[in-house]
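Colleague: Pasting in a structure now, in structure tokens, and then I'll have a few things to ask.
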Amino acid sequence: MTQQLKGIGASPGLAIAKAIVLSTETYIPERSAVEQPELELQRFRNAVREAREEIERIRAAAEEKLGSEKAEIFEGHLLILEDPDLIDVIEDKIREEAVNAEYALYEVSQSFIETLSQMEDELLRERAADIRDICGRVMNRLRGIEGGDLSQLTDECIIIAEDLTPSDTAQLNLEAVRGFVTEIGSRTSHSAIMARSLDIPAIVGVGPDLRNIEAGALVVMDASEGILAVDPSPEELALFKEKKAKYDRRKAELAQWASRPTITADGQRIEIAANIGQLEDVQKALDNGAEGIGLFRTEFLYMGRSELPTEEEQFNSYKYVLEKMAGKPVVIRTLDIGGDKELPYLDLPKESNPFLGQRALRLCLERQDVFRTQLRALLRASRYGNLKIMFPMIAVLDELLEAKRILEEEKRQLTASGVEVSDSIEVGMMIEVPSAAISADIFAKEVDFFSIGTNDLIQYTMAADRMNETVSYLYQPCHPSILRLIRSVVEAARQEGKWVGVCGEMAGDLTAIPLLLGLGVQELSMSAGSILPARELVGQLSRNEWETLSGQSLAMRGQQEVQSFVQDHRRGV
Amino acid sequence: MQAASQYPCKVNVINKGKKVNGKSSLSMLTLGIAAQDEVTLEIDGEQEEEAMKTLGDLLVQIHE
């Protein structure tokens, strides 16, 4: 009978194969007295040595398969095997209590595992898995059990397990393993992260129902949706096979676009960049062929902590991204706090309308200590790549001029004190307040670029809180009023020879892209996952043609009309 | 932890009332130290002054 299960899609993809069930039972040794503790100690030390040799072998294999960054986990494992509070304590226990090594190992390691699995921090909870992994290895050696060697799997299979340890994941024979499903875990578990870098489908956190799957049962999994089915009927299987073939074809098709430049059907070059919100996102942006970072949200540096980040901490993060992007443009937005993002430690007064309150640059101009620290970190990092600085939430010219004045002041001071600062940093602003969009011609003389933050521009133009579901129907990126604002911003920039990008959700929206292209936007910045489909679409569009079509859309009565107009014409392409 | 192991003296780290062996990375993890937490170093034995200076500086650095 078909059984459907649901979990968290940790690494996308589809797979069909027989289940291999990894035994999840934990071995609980009995306490027994030993007559010669010295011999028992020797046995324990041998087991540790063998485990160490095993990990070294796995580490070498992981380095080859996953790269040195991922193999670092195993360096950590080796350190655990030298930890005095683990190893010395176990040895003392064997010596002083004259107990068997298995029991001593179990008791000492279990106390660490229990403490760590109750920690609030998810990353610390994940460390419990490392200890279980490593101590399980020593335990197997003590018991003379050959650990299930996943590198020996040769038949196509989907692995079903309570959890996969990092060493399990690194040993997977990718020729055979089609995917894996685990009972526990989250998107940030080791195994989930590894699945993404190995590019194999994975579903985690399915829960105890997973135990019902028997070894050898046929499993189909769709990790993009986080669902799997056991023993599908012939009809279901046929449907699924079709879906999988389609998915695989599409994936291969899209992958070709990662290394190509973004060029319209009529040969015009535009730039597709990625929005990032944390350092890990940079690699994903590069993997998806981002031609730059169009929006680096710096809030992550400030959130989830109890004090402001230091200049040094910020400098290191900015430098990392700039170096990693190796000369490609990186637009870093200065702190955008306020609205729905709070920083409790700044102790700001409660506002009744935070989205209309002291947000982003408004706050930075007031709290200049915070602002100046960030600017100094940015300026110091500027020599490591192609940095562009962007100010958010500007409504009137004086705000921009004041921000630029402070930036210049910090730059002068740094240079005077001998710090090298790049002399080609572009300075731009977000267009998200309607007043700035309407007087873009005035702002254009004072900046190097504009980036249109459509989420906020729509919210403020429509006077509709984007957190309020009852008015969510007013979130209309393709409404002519929004398109007209975008057009006037592009026109104003063009007069001054400046460039315009779009960095809101709209930039990755396949219905909006033809219009943005037609309106003359030069850069689209979106989440990494949207890049390849967007680049493929741009390649099919003629900018010339869409210049005319987008012009026509400005005179339409509403978003619906614009959207069907775009779809009709895209079908015609 | 590796730095602490170089010294012959005892190194204890205290955070929120819990005290552990500073030479053990596993025990340090169980403290659940977050950025900006205030931690106390307790060092006793040979080369204690030198150890205090090196490890104290190190903790400050990690935090920056």
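Glycine too: its Cβ is placed from the backbone N, Cα and C atoms.
Just so you know, TrEMBL annotations are computer predictions that nobody has curated.
The structure displayed is predicted, hence computed values, not measured ones.
Sharing the record's features from TrEMBL:
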| type | residues | note |
| --- | --- | --- |
| COILED | A:34-72 | coiled coil |
| DOMAIN | A:6-127 | domain 'Phosphotransferase system enzyme I N-terminal' |
| DOMAIN | A:154-226 | domain 'PEP-utilising enzyme mobile' |
| DOMAIN | A:251-541 | domain 'PEP-utilising enzyme C-terminal' |
Colleague: If I take every residue in the domain 'PEP-utilising enzyme mobile' (A:154-226) and average their pLDDT values, what number comes out?
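Modeller: Mean pLDDT across the domain 'PEP-utilising enzyme mobile' (A:154-226) comes out at 85.
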Colleague: Across the domain 'Phosphotransferase system enzyme I N-terminal' (A:6-127), what are the DSSP residue counts per state (helix, strand, coil)?
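Modeller: Its residues divide into 80 helix, 15 strand, 27 coil.
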Colleague: Using DSSP, how many residues of the domain 'PEP-utilising enzyme mobile' (A:154-226) fall into helix, strand and coil, respectively?
Modeller: 20 helix, 19 strand, 34 coil
